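Report on one structure; see the data block that follows.
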Amino acid sequence: VLSAADKSNVKAAWGKVGGNAPAYGAEALERMFLSFPTTKTYFPHFDLSHGSAQVKAHGEKVANALTKAVGHLDDLPGTLSDLSDLHAHKLRVDPVNFKLLSHTLLVTLASHLPSDFTPAVHASLDKFLANVSTVLTSKYR
């Protein structure tokens, strides 16, 4: 459960991301594909090279979903229900991959916002991404 301080930290950090969210989403995906090559198996139809239009487009989808989630921190299950259905029933993404993407998102944010990425903000973003991952995997059961 996110505390009031966590919610404030997440909103403030995501506010600093601003219009860079799609680019950061794409960068986090690239980092994930490079660091955890098995994740590429879910994207056999994608050009996974650096700067790929498909990776950029999917990064934007990820960023838009996170932006939506940040705006509805008190109702993540309702906000992300459609995405949970998609990933569980149609795409059948192994739940561990959400943790891997969360990790690369944190690394990406830390690299772009070093002065804002305090231990408290890191912890709050980590909790937020863990909550998002939990919601996205909730319909696997």
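Cβ atoms are placed via backbone N, Cα and C, with glycine included.
From a predicted model like this one, the values you see are computed outputs, not experimental measurements.
Quick look at what Swiss-Prot lists:
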- His58: O2 binding site (BINDING)
- His87: heme b binding site (BINDING)
- 1-141: domain 'Globin' (DOMAIN)
- Ser3: phosphoserine (MOD_RES)
- Lys11: N6-succinyllysine (MOD_RES)
- Lys16: N6-acetyllysine (MOD_RES)
- Tyr24: phosphotyrosine (MOD_RES)
- Ser35: phosphoserine (MOD_RES)
- Ser49: phosphoserine (MOD_RES)
- Ser102: phosphoserine (MOD_RES)
- Thr108: phosphothreonine (MOD_RES)
- Ser124: phosphoserine (MOD_RES)
- Thr134: phosphothreonine (MOD_RES)
- Thr137: phosphothreonine (MOD_RES)
- Ser138: phosphoserine (MOD_RES)
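Shown on the structure are the features that Swiss-Prot records.
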residue: Ser3; record: phosphoserine; contacts (Cβ under 8 Å, 6+ apart): none
residue: Lys11; record: N6-succinyllysine; contacts (Cβ under 8 Å, 6+ apart): Val70, Leu73
residue: Lys16; record: N6-acetyllysine; contacts (Cβ under 8 Å, 6+ apart): Leu113, Asp116
residue: Ser35; record: phosphoserine; contacts (Cβ under 8 Å, 6+ apart): Leu100, Thr104
residue: His58; record: O2 binding site; contacts (Cβ under 8 Å, 6+ apart): Gly25, Ala26, Leu29, Phe43, Phe46
residue: His87; record: heme b binding site; contacts (Cβ under 8 Å, 6+ apart): Val93, Leu136, Thr137
residue: Ser102; record: phosphoserine; contacts (Cβ under 8 Å, 6+ apart): Asp126, Leu129, Ala130, Val132, Ser133
residue: Thr108; record: phosphothreonine; contacts (Cβ under 8 Å, 6+ apart): Tyr24, Glu27, Ala28, Arg31
residue: Ser124; record: phosphoserine; contacts (Cβ under 8 Å, 6+ apart): Leu2, Ala5, Asp6, Lys7, Asn9, Val10, Ala13
residue: Ser138; record: phosphoserine; contacts (Cβ under 8 Å, 6+ apart): Pro77, Ser84
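In this chain, none of the residues that are 6 or more apart from Thr134 (phosphothreonine) has a CB less than 8 Å from its CB. For Thr137 (phosphothreonine), other Cβ atoms within 10 Å of its Cβ number 19. Each residue in the domain 'Globin' (1-141) gets a DSSP state, and the totals come to 112 helix, 0 strand, 29 coil. Scoring each of the modified residues (Tyr24, Ser49) by how many neighbouring Cβ atoms lie within 10 Å, the top position goes to Tyr24.
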